[in-house]
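Engineer: Could you have a look at this structure, given as structure tokens, before my questions?
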């Protein structure tokens, strides 16, 4: 489903901002996630220890270009990530607005085109804009990662109708909600809408109990997916009686 990989879990988890490496490891294991995102900014003085932890966890690593604001920065970071982690996967972020951390659509498409042409399998962090989505697919991306809300905001699905339109328009394209999810109920809602996965970080890393929150999100994402698969009833403006009137007592 995600390029050459079909995960059992639809929960993708970030690795930044945890209280300790031990809690990070416990949260990843509790989440059941098979894909974890990693920033090259972690590769400082303790980079070796962090890579050792990644090896121990035996998860699929999705490096990202977090913090990049230009095409050159993002492309250079992607090449470094491919060399360091020995993977063609890259979560492409090209930030265009400092306050909202909204992606720069023009730089994002250009960077995606360059990387896809060189064999990368790009996971683009984008918005719910349909035209931008089309341009990213034309550039060579095989999936899209629209935000639910600004990164780390915890606002959930801020533009539900826009996301519904995106899901409806890109029927056969894997769509992963990336950013803005703050509560398990929000993740379940996205899965009920038909999205293919949830990527989050802050909601688990900053929770009072990251282990418990990782478990809660795993359950919610699974429940939302199962509900969608089972077939949700249509919403109605008026009540519809669920109890049949046949056989009711007749009073005279």
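Note that Cβ sites are derived from N, Cα and C of the backbone, with glycine treated the same way.
Bear in mind that the values here come from a model prediction, so they are computed numbers and not experimental data.
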Engineer: Since Swiss-Prot lists 179, 180, 201, 202 for 1-deoxy-D-xylulose 5-phosphate, which candidate among 140, 152, 224, 231 does it give for that site as well?
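Structural biologist: So, going by the record in Swiss-Prot, that would be 152.
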Engineer: Give the three-state DSSP assignment (helix, strand or coil) for residue 201 (1-deoxy-D-xylulose 5-phosphate binding site).
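Structural biologist: DSSP call for residue 201 (1-deoxy-D-xylulose 5-phosphate binding site): coil, neither helix nor strand.
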Engineer: Determine which residues of this chain, when 152, 179, 180, 201, 202 are set aside, have a Cβ within 8 Å of the centroid of the 1-deoxy-D-xylulose 5-phosphate site's Cβ atoms, and list them as they appear in the sequence.
Structural biologist: 14, 150, 151, 153, 154, 181, 182, 200, 203
Engineer: C-alpha of residue 91 (active site, schiff-base intermediate with DXP) to C-alpha of residue 179 (1-deoxy-D-xylulose 5-phosphate binding site): distance in Å?
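Structural biologist: Spelling it out, the Cα of residue 91 (active site, schiff-base intermediate with DXP) and the Cα of residue 179 (1-deoxy-D-xylulose 5-phosphate binding site) are 12 Å apart.
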Engineer: Once the DSSP letters are reduced so that anything not helix or strand counts as coil, what is residue 180 (1-deoxy-D-xylulose 5-phosphate binding site)?
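Structural biologist: DSSP assigns residue 180 (1-deoxy-D-xylulose 5-phosphate binding site) to coil.
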Engineer: Taking 10 A as the limit, how many CB atoms besides its own sit near the CB of residue 202 (1-deoxy-D-xylulose 5-phosphate binding site)?
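Structural biologist: I get 18 for this one.
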Engineer: What residue among the binding-site residues 152, 180 has the most other CB atoms lying within 10 A of its CB?
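Structural biologist: Per the Cβ count within 10 Å, the most buried is 180.
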